[in-house]
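Novice: Pasting in a structure now, in structure tokens, and then I'll have a few things to ask.
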Amino acid sequence: MNHNLLGNLALTGLKNNKKAVLPYILASAFTVMVFHILVSLIDSKYIMRDGVAAFKGANYIVRFVSIGSIVVGIFAMIFLFYGNQFVMKGYKKEIGLYGVLGLSRKNVSTVMALESLIISASSIVLGVVAGAFMNKLMVLWIYRIIKQPFVSGMDFSLRGTMLTVIFFAVVFGICLIHNLLTVRLGNPIELLKSDNIGEKEPKVKVVLLIIGAIALLVGYKMALSTDNTFVALGNLFKAMILVTIATYALFIAGSIFVLKMLKKNKNYYYKTKHFISVSNLMYRMKHNAAGLASICILSTGVILLLVCSTALFMLGEQNINSMFRRDVVVRDINDGDVTLDEYDAVVTKAVKEAGISDSDRIVRKYYMDICNVSADGSIECYTKGNYDFTSMRVLYVITLDEYNLYTGEKETLDAGEILRYSAGAKVKAGENFNIYGSDYKIKKKISSKCLEEVFDPSMSLFDEEIIVVADKTEKEKLLSQNPESLVGFEQVYVGFNVPKDTSYEQIGIVKDTILKAPFEASVTYKEDERSSFYSIYGGIFFVGIFLAALFLIATVMIIFYKQMSEGFEDKKRFEILSNAGLSDKEAKGAIKSQVMLMFFLPVTTAIIHMIVASKIIRLFLGMILYVDTLTFNLAIIVVSLIFLGVYTLVYNITSKQYYNIVYGKEA
């Protein structure tokens, strides 16, 4: 057959189905753009130059962007295949007509290949071009997030572009193969009449219903009962998998079960309004349950990513100030040969040589160890093979003289008495407490203020225990009960603030002077740590926002396609209801209420999922940063309300197309 004719048929087919094809091309182009931006950033000279980080922490951004590109790639395959299914659904009659008119399957396959080539080429070209232009904007956005000075110039990644083109060519190729198999296995008459085949009332899938109910209960219980950060690490992903399974199972089987129960209730079912709603909803859920579950899962993903990203953004400075209470921190493992006065003198010399003044200087000495807390609350030795992350604590031990010096108090202790602070347990004055096999009496519960500024940020995963003993002899006696300690050591902490106009050169002099002292100390500067912090969490924030945007676009696309699909089906239902004697107003009301129920059920369920998961997610985030509960809950409320508003807006916009299909005009 003439190739020009086949080409014209392909163009005509695309034109006739433009309401489905154009949104698919735009959504595909957006997905291509996101993928192209991410893979291009991996090679960007503004992030890495010849394998060397362009700024401190750039390697972390590359890691997170790499992970994000893999997630987008996996998602793209699923999403584009789903969209292709809907576009293909609109072609079935047309393909069947080609067969009836005498076109061979080879010719039909050629037409479909040409249509697929146009769609894929348009999507890839639009996505790559948009990605190339947006790439620099994304670099500037990253620099803004991590508080780096802006850079000039453009950057184009040939490797990123080639990878994008090849990857999406393969994805669209897989979609085409699926479409061709559908044509080769289908009968033209069956394809032509695919929308007119009678339907049977759906049956309840009991096994799926039971699996869904159990998965939901176990997943929710896991999320609500988790109280420990390390337990949250394992339970979060288990709970997510269980709730995802439960969502699909209950949307598919649970919805039919509920509607069947309503149908059996004669007093409810045999009322005109309920009769129509229940009957129609049963058939709607049969076809749309999986799609609605997908909307629910994607909506949950959008809310989750935005909440976590928002929390990172809102809590950034709070975390830096919490982890680094002083501008400059000096830490040293002290073997007893150097006194606190000598440390103080070295710091005084360092700031003097740098030509700056310091303020709020504190000097602390303490013993730090890792221990386990047993079921009865006693502290046990932490040795090789004897550890449990869920019960692990960071133990700080100081003498009474040190405590009174640090706090300005005048506490006293008798033999066998201690003062105690615990971040993970209730402390009562007068009760006995066992440490390393020795019993002590708690005289008083103290606050963490005596040592909280010296808490090591790298150990923030574990709760702290502070024990104050009577004197140095009692301290040595206590520590001798734990001779196999793997990490216990005496440590000195010196922290001080410097003027805001202090230069990096001056800080360099301070560091060099301290590092030349007769002890092996480490020196940390808050501004350096701030750069690292924003590079790490800025990368997470950037990728999180990108993925949230991608999931949101996917949600919008599924809603749009479902509105169109529902529109063609409801057009027939509207005619049936009108022929059955219902007025246009009653028929429209019945259909509108069903559509609203179906499309707002997923977002409502998504918000419920997020509320239930809030505790375990907060604990999980606690592994990488301090999470204020009030701020985190506020982020959930704000993000959920904004998402609900966007979801409603999308629903209202797509509803116009829906009502045009059903009634021939907007309703």
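Note that Cβ sites are derived from N, Cα and C of the backbone, with glycine treated the same way.
Annotations for this protein, taken from TrEMBL, read as follows:
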TRANSMEM  21-41  transmembrane segment
TRANSMEM  61-83  transmembrane segment
DOMAIN    68-177  domain 'ABC3 transporter permease C-terminal'
TRANSMEM  117-143  transmembrane segment
TRANSMEM  163-185  transmembrane segment
TRANSMEM  206-224  transmembrane segment
TRANSMEM  236-259  transmembrane segment
TRANSMEM  289-315  transmembrane segment
TRANSMEM  536-561  transmembrane segment
TRANSMEM  595-617  transmembrane segment
TRANSMEM  623-650  transmembrane segment
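Give me the lay of the land around each of these features.
Specialist: Within the chain carrying the transmembrane segment (61-83), a Cβ under 8 angstroms from the stretch's Cβ atoms is held by residues 24, 27-28, 31-32, 34-35, 38-39, 41-42, 47-48, 142, 146, 167-168, 171-172, 174-175, 178, 294, 535, 538-540, 542-543, 546-547, 550-551, 554, 557-558, 561, all 6 or more beyond its ends.
With DSSP states grouped into helix (H, G, I), strand (E, B) and coil, the domain 'ABC3 transporter permease C-terminal' (68-177) comes out at 94 helix, 0 strand, 16 coil.
Taking Cβ pairs closer than 8 Å, the transmembrane segment (117-143) reaches residues 10-11, 14, 21, 24-26, 28-37, 40-41, 44, 46-47, 61, 87, 149-151, 154-157, 161, 164-165, 168-169, 172, 538-539, 542 in its own chain, all 6 or more past its ends.
Beyond the transmembrane segment (236-259), the same-chain residues lying 6 or more positions past its ends with a Cβ under 8 Å from any Cβ of the stretch are 202-206, 208-209, 211-213, 215-216, 218-220, 222-223, 226, 278, 281-282, 285-286, 289-290, 292-293, 296-297, 605, 609, 613, 616-617, 620.
Remote same-chain partners of the transmembrane segment (595-617), defined as residues 6 or more beyond its termini with a Cβ less than 8 Å from a stretch Cβ, comprise 220, 222-224, 226, 232, 235-236, 239-240, 243, 247, 281, 284-285, 288, 292-293, 295-297, 299-300, 303-304, 307-308, 559, 562-563, 566, 570, 632-633, 636, 640, 643-644, 647, 651, 655, 658.
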Novice: State, in range form, which of 21-41, 163-185, 536-561, 623-650 has the highest count of Cβ pairs under 8 Å to the transmembrane segment (289-315).
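Specialist: Most contacts with the transmembrane segment (289-315): 536-561.
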Novice: Quick one: mean pLDDT on the domain 'ABC3 transporter permease C-terminal' (68-177)?
Specialist: 80
Novice: I need to check the long-range neighbours of the transmembrane segment (163-185): which residues 6 or more away from its ends have a CB within less than 8 Å of a CB in the stretch?
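Specialist: Result: 28, 32, 35-36, 39, 73, 76-77, 80-81, 84, 88, 95, 105, 108-109, 112-113, 116, 119-120, 123-124, 127-128, 131, 191.
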Novice: What same-chain residues lie close to the transmembrane segment (21-41): Cβ under 8 Å, and 6 or more beyond its ends?
Specialist: 14, 47, 61-62, 65, 68-69, 72-73, 75-76, 79-80, 83-84, 86-87, 119-120, 122-124, 126-128, 130-132, 134-135, 138-139, 142, 155-157, 159-161, 163-164, 167-168, 543, 546, 549-550, 553-554, 556-557, 560-561
